[in-house]
Each structure stands twice: as structure tokens, then as C-alpha cells.
């Protein structure tokens with residue numbers, strides 16, 4: 001029972017009237033991710049955060065710069081009345097944070113302490129850093 005071998009061409013490919021249906025890529029096709037829209041939302045708190053810089057395109061961790069805010073001033077008034085004025089610079093957890101790109105130096109985000117009467121934040125006390133893997 002030998003079968004005769006015939007050449008099979010395969011499934012015929014029919015192209016329609018639209019050239020894009022024939023496999024041509026349209027000229028306005030978007031390849032990859034758009035550069036201006038963030039893929040994920042970065043939460044900027046008082047620790048370095050992973051980010052994508054909108055100015056230079058760098059990917060990495062932000063550099064933090066601390067600036068005294070209202071919460072730091074109110075918290076420093078209490079020890080100052082008791083004579084402990086050396087505690088003012090050591091209360092870094094109450095200072096506002098500015099996140100900067102390490103490559104170009106542009107400011108990426110601000111994190112401000114919103115409640116001047118809150119000296120410590122117990123629910124967020126053990127919040128893990130976004131920069132370190134869990």
C-alpha cells in the first residue's frame with residue numbers, strides 16, 4: 001500500500017483589500033511603552049523610592065533631601081521649652097522630604113508631614129522601605 005507522494009503547497013494565503021491585513025505594520029503603530037506615562041505608581045514617603053525619571057530617563061532609587069516643616073517646628077518647641085534644644089536636628093522623621101534624581105538632580109516628588117501635632121505615626125511605624133526587598 002504505497003501512497004504516491006504529492007507536493008502539498010499548504011493553506012493558501014489570501015490578502016484582502018486592506019494592506020494592513022496582509023501583515024504590513026501601520027506607520028503610526030506604538031512600539032513598547034510610552035515614555036511619558038508611568039507604568040506603576042511610585043509611593044514617595046520618607047525613604048528612597050524606586051522610580052523612572054521623567055527628565056533624563058534614569059531608573060533607580062531617589063536621593064532624599066530633608067527640609068524642616070511645620071511638624072518639625074512644632075515638635076521642636078516642646079523640648080526647647082524644657083531646655084533640650086539639641087533635639088531639633090535629630091528629629092529627621094518629622095522633616096519634609098524631597099526626592100531628587102541621582103543622575104540629573106531634578107526634583108521628582110515632595111513628601112510633606114501633614115499633621116503638625118502628630119509627633120510619631122504608630123500605624124506607619126514599621127512600614128518597610130520601598131527601596132529594600134522584603
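Going from the start of the chain as shown, residues are counted 1 onward.
Glycine too: its Cβ is placed from the backbone N, Cα and C atoms.
Annotated features in Swiss-Prot:
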DOMAIN    33-113  domain 'LITAF'
BINDING   53, 56, 101, 104  Zn(2+) binding site
REGION    68-88  region 'Membrane-binding amphipathic helix'
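Here the features listed in Swiss-Prot are painted onto the structure.
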residue: 53; record: Zn(2+) binding site; CB count, 10 Å: 17
residue: 56; record: Zn(2+) binding site; CB count, 10 Å: 12
residue: 101; record: Zn(2+) binding site; CB count, 10 Å: 21
residue: 104; record: Zn(2+) binding site; CB count, 10 Å: 12
Work out the three-state DSSP category of residue 104 (Zn(2+) binding site). coil
Same-chain neighbours of the Zn(2+) site, Cβ within 8 Å of the mean position of the Cβ atoms of 53, 56, 101, 104 and not counting those residues, run in sequence order as 54, 55, 57, 58, 102, 103, 105, 106, 108
